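Feature annotations, courtesy of Swiss-Prot:
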- 306: active site (ACT_SITE)
- 61, 63, 153, 306: Zn(2+) 1 binding site (BINDING)
- 63, 64, 65, 95, 279, 310: substrate binding site (BINDING)
- 153, 180, 233: Zn(2+) 2 binding site (BINDING)
């Protein structure tokens, strides 16, 4: 597909570009960047004057629920939600039914995405067979099938020797290991952050130590094995400190956090709102500050949504039995832009966190507008104001703690391989 994007502020940290430029895409790839570009007659054009033009945003942690849990979300609806949020690529986690632990399931997702998805869908395979934490999955086969990482997300690999072997094997074949880091014994029957609010509400708490101890284990295993590891959805002061210190001594560790962890505290649980129930849980104001500081100083490498759709029947129940997770694809960008408005990040940092870095971590040929690169582009209006309404969310599920919130900033065009797959109304 051919497309000319004219006059926008192009921000591409992969090339050190921050300038008003045109972007010309031909046959689905970036052909030229420059001022006053001419396109062949009949080429569609976007007037991006006053808008921000970036490499397509990448969410490296989503749950598309397909196969087996399509009543919550499927590849078609999840990709529509991604496109509406400005994401041109998503990596989908393997805790489906059946789980993504075989070439057949990975191939199913890739083939279905080719026919139904508006955006690029990259599967993440399981670390262990069946996601049971007992023996390693066939990582080589998963990589051959198109998986860009492995994870038992939803729960940790509890056996340290097994995790060590996973890191060593993954290093050998060049695939990213993504750790869901928590100590399940400490989590116990906890349903929210352990602290004043949990005590006041009479709910069992999950201590910050459950995350910190598990993150520390992964760091030491990666250091011992000389292998890279990526830590999913960090949320605590301690886990940020552990990763920061590990990076300083050369450990190959990367990590992500999610917008809810730098926006909401456990105060959001008051009223027993199950849309504020997630794993890891919402933490304290000090933890929010740690996430913002970690994003600013490079400790945290990526912003990922952990988009986790659930049917109303799984959320409209008592807090203790409600399932964990929220939808986040359509609210991630404005919540992240707020960090720019607050002066905690600049736009170049934000684009790195939401596009360039996720591409590097997963080894994707995305996250750049270099000539010859895939023509995936996000066009953003940072001043556009809108309200989060359940009826207007593209996701099949509506379990968001941000319903009713007034947002500022959103993607107005999402372009995949030169084709506009989303345009804001």
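In case you wondered, yes, glycine gets a Cβ from its N, Cα and C as well.
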Minimum Cα separation from residue 279 (substrate binding site), reported as the residue among recorded positions 61, 63, 306 that achieves it: 306
Residue 310 (substrate binding site) CB neighbourhood, other CB atoms within 10 A: 27
Residue 65 (substrate binding site) and residue 153 (Zn(2+) 1 binding site), Cα-Cα, nearest whole angstrom: 13
Most Cβ neighbours inside 10 Å, all chains, among the binding-site residues 65, 180, 233: 65
Cβ-Cβ neighbours of residue 306 (active site) (radius 10 Å): 29
Intrachain C-beta neighbours of residue 63 (Zn(2+) 1 binding site), sequence separation six or more, cut-off 8 angstroms: 73, 92, 93, 95, 306, 307, 308, 309, 325
Alpha-carbon distance [residue 233 (Zn(2+) 2 binding site); residue 61 (Zn(2+) 1 binding site)] in Å: 9
Rounded inter-Cα distance in Å - residue 64 (substrate binding site), residue 233 (Zn(2+) 2 binding site): 17
Residue 65 (substrate binding site) and residue 233 (Zn(2+) 2 binding site), distance between Cα atoms, whole Å: 19
C-alpha spacing of residue 180 (Zn(2+) 2 binding site) relative to residue 310 (substrate binding site), in angstrom: 19
